[in-house]
Amino acid sequence: LLLVALAVAYAVPDPRGVIINLEAGEICLNSAQCKSECCHQESSLSLARCAAKASENSECSAWTLYGVYYKCPCERGLTCQVDKTLVGSIMNTNFGICFDAARSEE
């Protein structure tokens, strides 16, 4: 009976997740896996890890085809001011600065 109870306890899924719902600093393959929705890679040779989104006046990336960013996208409510190009989307080099569009309209 004790073995059955232990087996059930270990079978209950961890809410943190192994493949999705990953915390900052955990290794990822795509931004969809991260709670923050940013899978960040320092260089093409480094492992990608979940990271916080970019804050106001920080460097940011526009949406990328791959779901892995060299610069994280902006936090909710902010806009990444960047000149988007097709080549930049493919090469993951569409970088800009996060700003609050609502504040700049005032």
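Cβ from N, Cα, C; glycine included.
Source: prediction; values computed, not measured.
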Partner cysteine of CYS38 (disulphide bond, per Swiss-Prot) from CYS50, CYS60, CYS72, CYS74: CYS72
CYS72 (disulfide bond): tally of other CB atoms within 10 A of its CB: 25
Residue pair TRP63 (taurodeoxycholate binding site), CYS28 (disulfide bond) - Cα distance, angstrom, rounded: 17
